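These come from Swiss-Prot:
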- 1-189: region 'Enoyl-CoA hydratase/isomerase' (REGION)
- 119: site 'Important for catalytic activity' (SITE)
- 139: site 'Important for catalytic activity' (SITE)
- 296, 500, 660: substrate binding site (BINDING)
- 311-729: region '3-hydroxyacyl-CoA dehydrogenase' (REGION)
- 324, 343, 400, 401, 402, 407, 429, 453: NAD(+) binding site (BINDING)
- 450: active site, for 3-hydroxyacyl-CoA dehydrogenase activity (ACT_SITE)
- 708-729: region 'Disordered' (REGION)
C-alpha cells in the first residue's frame with residue numbers, strides 16, 4: 001500500500017501501473033474538502049515513485065464520484081472571498097498535478113461522475129466508462145459554476161458548443177452520448193472495465209497510443225477562429241438569456257468566463273474560472289439553490305425512513321377517471337404499479353384512458369419508449385364501471401368531483417368492496433380529511449393524497465394525515481407516491497391543507513390590489529419578471545379555473561373566517577358570475593386561443609376591464625415593491641402560521657412544498673429561505689406598513705418573536721475552517 005487516506009487509497013496494480021481507488025465510508029464517494037486534500041497527499045507519494053509507468057483511477061462504489069459534498073457548500077460559501085479563492089487555487093493545484101504526471105493516466109468510470117467527480121476525470125488522459133454512466137457538470141443548477149477546472153478542460157476537449165450545452169444547462173449525459181461527443185473514449189461492460197482500462201494504459205505506455213497528444217489541447221488556448229468563437233458564444237448567450245434570465249446569473253457567468261478564457265492556456269484560464277466562481281458562491285441565489293438541493297435530500301430521506309418497513313403497493317385503483325384520474329393512473333402504471341380506473345360512465349373512462357394514452361404517445365414521439373413499452377404500460381391500466389378486482393387492491397385514491405357529499409358516498413361504498421387492510425385516500429384539494437373520514441367504518445385506513453395538475457409534471461404530492469389516520473396508512477401512501485416518482489410531504493389536516501391554505505391568502509392579496517385600482521396585467525408582469533413566479537396571479541387563476549378558485553375560496557373562508565372571509569365582491573366573483581372560467585372555456589382575465597401546437601395562448605380582452613371596473617376603485621399605479629409586498633405578505637404569514645400550528649413539520653418541508661407544488665421561485669429557495677435572506681426584522685418592518693389592510697397582513701407572534709431576537713428559521717451555518725486547515729484536512 002503506497003498511501004491510505006479515509007476516503008481513498010493508492011497501491012500498485014501491476015508492472016509499474018498504480019491504482020488510485022476512491023473508497024469513502026458509506027455508500028457513495030463524494031469529492032469533499034478532505035478527499036481533495038487526501039488526493040493531493042496521494043499524488044505527492046506517487047510523484048516520488050521512479051518506477052511509475054501509468055495510473056488508473058477507479059471507484060470501489062456503485063458510482064465513481066457523485067459530486068462534491070454539497071452539505072459543505074453553505075459553510076464554504078460563508079468563507080471570505082480571498083480565502084475561498086485560495087482554497088480553489090489549492091484544489092486546482094491538486095488536479096493540475098494529476099494532469100501533469102509524467103505518465104499516462106486513465107479513469108475507469110462506473111455510474112455517476114458528476115460535478116467535482118466529472119472535473120476529476122477530465123484531468124486524466126483517458127476515460128473508459130460503463131453503460132450506466134451519467135457524467136456532467138450540474139453546478140449552474142446550484143447557482144454556481146464549475147470550480148475545479150471544468151469550464152477550462154471541457155471546452156478544450158469537446159469544443160465550445162458541446163461544452164457550453166453541458167455547462168450552461170447543468171446537464172449530465174449517458175454513456176452513448178458521452179462517447180459520441182468525446183467525453184469518454186470507450187464504453188465497456190462493468191465486468192471488463194478494469195481489464196479494459198489496463199489494456200488501454202499498456203497501449204499508452206508502449207507508445208501505441210499518444211497520451212501526450214491527448215493531453216496537450218487541455219493545456220492550450222481553445223482552438224476556435226474569431227468567427228467560430230463569435231457564433232458559438234453569441235448563440236450560447238442568447239439561449240441562456242432566454243432560458244435562465246436575470247434571476248439565475250450562474251449560466252451566463254459560466255458562458256462569459258469560457259469566452260474570456262478561450263484565448264488563454266490552462267493556468268490563466270483557471271484563474272478566470274476562480275474569479276468568476278467566488279462571487280457566484282456568495283450570492284443569495286447560490287445559497288437558495290443549494291438550500292433546495294439539501295431540502296430535497298432531507299424530504300426524500302424522511303420519506304425513505306418512514307417507509308423502510310413498508311412494502312410498496314403492488315396494485316392500485318383510482319376512483320373517477322377524467323383528466324386527473326387518467327393522469328394518476330398513467331403515473332402509477334408508468335412507474336410499474338398496475339392500476340384499476342373506475343368511473344360510473346363510459347365517457348369519463350374514455351377520457352381517462354385517452355389522457356393516459358396521450359401521455360404515453362408523447363413519450364413515444366420523444367423516443368423515450370418504443371411501441372412495445374407503450375403497449376405494456378397501457379395494458380396495466382384497467383378501466384371499469386364496477387368493482388371487479390378491488391378485492392386485490394392495496395391502495396385506492398378517490399379523484400371524483402370536489403363535493404363532500406359525493407366523495408363521502410363514493411368512499412363509503414368503496415370501503416365495502418376492498419380488503420380490511422386496503423388504504424383509501426382522497427385527492428381532495430380543500431375538504432378536511434376529518435370530514436370525509438366521518439363516512440368510513442375504518443378512518444384509520446384513510447388519509448388525503450393531494451396530487452397537483454398536471455400530475456405527470458408536478459413533483460409534489462401532499463399526504464394529509466387525518467386525526468384518525470394510522471402511521472401504517474400514511475407510510476403506505478408515501479411509499480406509493482415515492483414509487484410514482486413523486487416527492488411526498490406529509491402535512492396535518494386543516495382546510496386547504498398546506499399548499500392551498502397558503503395559496504389563497506396570496507390570491508386574496510391580489511383581489512385586494514385589484515379592488516384598490518391595480519391593473520392585473522401589471523401585477524402579473526411584476527410577479528413574473530421581478531419576483532420570479534412562473535405565472536402571475538391572474539394567469540394562474542385562469543389556469544386553475546376561476547370556478548375552481550371561486551369554490552375553494554368559499555371553503556377557505558368558511559375554514560378561516562377571521563382572516564379569509566371577505567366583505568366585498570372581488571374580481572374572482574365578477575369573472576365567475578360572467579361565466580369566465582379561465583382557460584377551460586377560453587375566457588378569464590385573458591382570452592385564450594389555441595396556437596399551432598394546440599396549446600392555449602393568452603390574448604388581451606378589453607371586455608374584462610369593464611367587468612372588473614364594477615369591483616374596483618379608479619385605476620392606481622402601484623410601485624413594483626408595493627405589489628410584491630401586498631402579494632407576498634399574506635402568503636408568508638400563512639406559511640409561518642402553518643409551521644407554528646404543526647400543519648407542516650419543518651421549514652425545509654414547507655419550502656419544498658412551495659417550490660414543487662406552486663412553483664415558488666427556486667432562486668428564492670422557498671418562503672423560509674426568503675425570510676431568512678431578508679431578515680425577520682426587515683420583513684416585520686415591511687409587513688407593518690400594510691397591517692391596516694386587514695388580518696391577512698398581521699404578522700404571527702412567532703415571527704414577531706424571531707424578529708425581536710434576530711433569529712433565522714434555518715439553523716445558522718458556521719463558515720468553513722480557514723483555507724490553510726482545509727489543505728491538510
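Every residue gets a Cβ built from N, Cα and C, even glycine.
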Might you list, by sequence position, any residue in that chain lying six or more from residue 400 (NAD(+) binding site) with a Cβ less than 8 Å away from its Cβ?
319, 320, 406, 407, 410
What whole-number Å value do you get for the CA-CA distance of residue 296 (substrate binding site) and residue 343 (NAD(+) binding site)?
35
Looking only at the region '3-hydroxyacyl-CoA dehydrogenase' (311-729), report the model's average pLDDT.
95
Between the Cα atoms of residue 402 (NAD(+) binding site) and residue 450 (active site, for 3-hydroxyacyl-CoA dehydrogenase activity), what distance do you get, rounded to the nearest Å?
12
Spatial neighbour of residue 660 (substrate binding site) that is closest, considering only the recorded positions 139, 343, 429, 450 and their CA atoms:
450
Nearest-integer angstrom distance between the alpha carbons (Cα) of residue 453 (NAD(+) binding site) and residue 500 (substrate binding site):
13
How many angstrom lie between the most widely spaced Cα atoms of the NAD(+) binders 324, 343, 400, 401, 402, 407, 429, 453?
20
Hey, how far is residue 401 (NAD(+) binding site) from residue 450 (active site, for 3-hydroxyacyl-CoA dehydrogenase activity), Cα to Cα, in Å?
13
Have a look at the recorded positions (119, 139, 343) and report the one with the fewest Cβ neighbours inside 10 Å.
343
Near residue 500 (substrate binding site), which residues of its own chain have a C-beta under 8 A away, given they sit six or more steps off in sequence?
429, 430, 552, 556
Can you name the residues of this chain that are 6 or more positions from residue 450 (active site, for 3-hydroxyacyl-CoA dehydrogenase activity) yet have a C-beta less than 8 Å from its C-beta?
427, 428, 429, 461, 462, 463, 464, 497, 499
How big is the Cα-to-Cα gap, in Å, between residue 324 (NAD(+) binding site) and residue 139 (site 'Important for catalytic activity')?
35
Length of the line joining the Cα atoms of residue 343 (NAD(+) binding site) and residue 119 (site 'Important for catalytic activity'), in Å:
53
Rounded Cα-Cα span from residue 119 (site 'Important for catalytic activity') to residue 139 (site 'Important for catalytic activity'), Å:
11
Counting Cβ atoms within 10 Å across all protein chains shown, which of the binding-site residues 324, 401 comes out on top?
324
Of 429, 453, the binding-site residues given in the record, which has the fewest other CB atoms within 10 A of its CB?
453
I want to verify one value. Collapsing DSSP to three states, which class is the residue listed as 'active site, for 3-hydroxyacyl-CoA dehydrogenase activity'?
strand
